[in-house]
Amino acid sequence: MTKLSVNINKIATLRNARGGNVPDLLKVAADIQRFGGQGITIHPRPDERHIRYQDARDLKAIVTTEYNIEGNPQHNFIDLVLECKPDQVTLVPDAIGAITSSAGWDTIKNQEYLKEVIQEFQRNGIRTSIFVDPVLEMIEGAKKTGTDRIELYTEAFAHQYDLGNKNGIDPYVKAAELANELGLGINAGHDLSLDNIQFFKQNIPGLLEVSIGHALISEALYLGLDNVVNMYLKKLK
């Protein structure tokens, strides 16, 4: 079964819109796990516009499943991850001020830097994953960084699926097959939803984990958080 890690950035966005502590991020994280979620993902950004660095620290005691911290490995982020020691760190090349992630790493151009950062995290017992596009050269480059896993950036698949083009899965299948051959674990995320997750899961060999936030929280507004988490779990079996 592919594990479901729920990204709770949108909960923090809602909280920060009014100040105070409603909704309570820590309670939501605890409830998601109680409902069956198998992990919690956060993506703190330098401006702390949704997840705050203190949230990352506070969640350490709350997350009893798998704790995944995503972000661009700048100095402050590296320090935060080493302090919190999550189960997994996912390295994402997002620009400062970006609304959301928009591309994977160039694992050839950034290979030496990624290798250095990955080794630091691994020395501290943290599993590493790097965000990549479904491009075979980037998968090969990822292997050379020493990362434990890759996270396939699934925006292109989701867009094509919405248009009715199921062939949009093809590059992801090839990327996953190569990753499996190279011994890389496979995660995936970005624009996955109740509409497309089952098709994606059924076609990607060796898919270990998906990280879903925006769609899941949006769907929960209509269907309820407990219900939506379990709907995803059924589709990921």
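For all residues, glycine too, the Cβ spot is worked out from N, Cα and C.
For reference, Swiss-Prot has these:
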- His43: active site, proton acceptor (ACT_SITE)
- Glu70: active site, proton acceptor (ACT_SITE)
- His190: active site, proton donor (ACT_SITE)
- Asn7, Arg18, Asp191, Gly213, His214: 3-amino-2-oxopropyl phosphate binding site (BINDING)
- Arg45, His50, Thr100: 1-deoxy-D-xylulose 5-phosphate binding site (BINDING)
- Glu151: site 'Transition state stabilizer' (SITE)
Diameter of the 3-amino-2-oxopropyl phosphate binding set by C-alpha atoms, the set being Asn7, Arg18, Asp191, Gly213, His214, in angstrom: 26
Winner by Cβ contact number (other Cβ atoms within 10 Å) across the recorded positions Arg18, Arg45, His50, His190: His190
Minimum Cα separation from His190 (active site, proton donor), reported as the residue among recorded positions Arg18, Arg45, His50, Glu70 that achieves it: Glu70
For His214 (3-amino-2-oxopropyl phosphate binding site): DSSP state (helix, strand, coil): helix
Cα distance (Å, whole number) from Arg45 (1-deoxy-D-xylulose 5-phosphate binding site) to Gly213 (3-amino-2-oxopropyl phosphate binding site): 15
Collapsed DSSP category at Arg18 (3-amino-2-oxopropyl phosphate binding site): helix
Binding-site residues clustered about Glu70 (active site, proton acceptor) [Cα within 10 Å; pool: Arg18, His50, Asp191, His214]: none
Cβ neighbour count (within 10 Å, all chains shown) around Glu70 (active site, proton acceptor): 29
Residues near Asp191 (3-amino-2-oxopropyl phosphate binding site) in space but at least six apart in sequence (CB under 8 A): Thr154, Glu155, Phe157, Ala158, His159, His214, Ala215
Cβ-based isolation winner (fewest other Cβ atoms within 10 Å) among the recorded positions His43, His214: His214
Distance check against His43 (active site, proton acceptor) for the recorded positions Asn7, Arg18, His50, Glu151, keeping those with Cα within 10 Å: Asn7, His50
Nearest of the recorded positions (Asn7, Arg18, Glu151) to Arg45 (1-deoxy-D-xylulose 5-phosphate binding site) - Cα to Cα: Asn7
CB within-chain contacts under 8 A for Glu151 (site 'Transition state stabilizer'), separation at least 6: Thr90, Ser129, Ile130, Phe131, Val132, Asn187, Ala188, Gly189, Ser211
